[in-house]
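Peer 1: Below: one structure in structure tokens.
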Amino acid sequence: MSDRREQFQYAFLDSGIGGLPYAHALRVRVPEASLVYVADRVYFPYGNKSSAQIIARASAVLQKVQTNFSPHIVVLACNSMSVNALEFLRAQVSVPVVGVVPAIKQAVACSHKKHIGVLATQCTITHPYTACLRAQFGAGCVFQMRADARLIECLERGLIFEVEDMQREAVARSVMPFQEAGVDVLVLACTHFVHVRHLFQDCVGTSCTVVDSLEGVVRRTLRLCPPQSQLRGNAACYVTGARDAVCAARYARYAQHFGLRWAGFLDV
């Protein structure tokens, strides 16, 4: 399947399942959207890689996606990939590339206390891009920054298919430091967390607003690349890496859950 050629209007890239809610949200707005989702399991998680590693790997994946699928627009549905590689990848291809970056501007606009929590990967938290967002939009704000690699791994391994009590327990552990700090806005700055956004909001309660970048990214993607009638209906999910039966079964289930065709493995 690695040399399979198909054409899709929209391409979504992530290291794992994080970008699936973004792809799904676009298809909710445009049910017949032609879309390919590529999970780069070879390099999961991006959040503990160096900037140079992420740039090199994202470049290779994007080149493969361009060659095999000829998308009209690419969405980097991963904060770690976006803060590290967005500008580099935009210079690499002729089609628009939309990034997913921490929704700090939105968080500042929502915050009354100017005390904001950011939950992300380690490399997103420490990257200068995130520091620039804080400086540009968050003057006078106090930021509580926290990485949670454990929750990301749990979500990647299928937490969303477990009973809700188990999901809620994992999310409650993750938000406890933010509750203790008294933040009034929490930014979900890793796309994996968006899978359980409703539980984040339930756990922090009405005194805190949970924000993410999903709606803004989908709006921007459709504004830059309106759907075309000649490319309709085909929506597929690919995964990079060794042809592992457990991974295949897990991603086939994810694909079905989000209304995509499980298309198999992509060699990158």
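Glycine residues also receive a Cβ, built from the backbone N, Cα and C atoms like all the rest.
Pulled from Swiss-Prot, these are the listed features:
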- ASP14, SER15, TYR46, GLY47, ASN79, SER80, THR191, HIS192: substrate binding site (BINDING)
- CYS78: active site, proton donor/acceptor (ACT_SITE)
- CYS190: active site, proton donor/acceptor (ACT_SITE)
Peer 1: Any idea what the Cα distance is from CYS190 (active site, proton donor/acceptor) over to ASN79 (substrate binding site), rounded to a whole Å?
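Peer 2: That comes out at 6 Å between the alpha carbons.
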Peer 1: Record lists ASP14, SER15, TYR46, GLY47, ASN79, SER80, THR191, HIS192 as binding substrate; longest Cα-Cα distance in Å?
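Peer 2: Across ASP14, SER15, TYR46, GLY47, ASN79, SER80, THR191, HIS192, the widest Cα separation comes out at 12 Å.
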Peer 1: May I ask for the distance between HIS192 (substrate binding site) and CYS78 (active site, proton donor/acceptor), taken between their Cα atoms and rounded to an integer number of Å?
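Peer 2: Per the Cα atoms, HIS192 (substrate binding site) and CYS78 (active site, proton donor/acceptor) stand 8 Å apart.
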Peer 1: In sequence order, what residues of the same chain, 6+ apart, have a Cβ less than 8 Å from the Cβ of ASN79 (substrate binding site)?
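Peer 2: Non-local contacts for ASN79 (substrate binding site): VAL100, VAL101, PRO102, ALA120, THR121, THR124, ALA189, CYS190, THR191.
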Peer 1: For the recorded substrate site, whose residues are ASP14, SER15, TYR46, GLY47, ASN79, SER80, THR191, HIS192, find every other residue on that chain with a C-beta no more than 8 angstroms from the centre of their C-beta atoms, and list them by sequence position.
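Peer 2: Leaving out the recorded residues gives GLY16, GLY18, PRO45, CYS78, MET81, THR121, THR124, ILE152, CYS190.
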Peer 1: I want to check the contact list for ASP14 (substrate binding site): same chain, sequence separation of six or more, C-beta distance under 8 angstroms. What comes out?
Peer 2: LEU20, TYR37, VAL38, ALA39, ASP40, LEU76, ALA77, CYS78, MET81, THR191
Peer 1: Please report the number of other Cβ atoms within 10 Å of the Cβ of CYS190 (active site, proton donor/acceptor).
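Peer 2: There are 30 of them.
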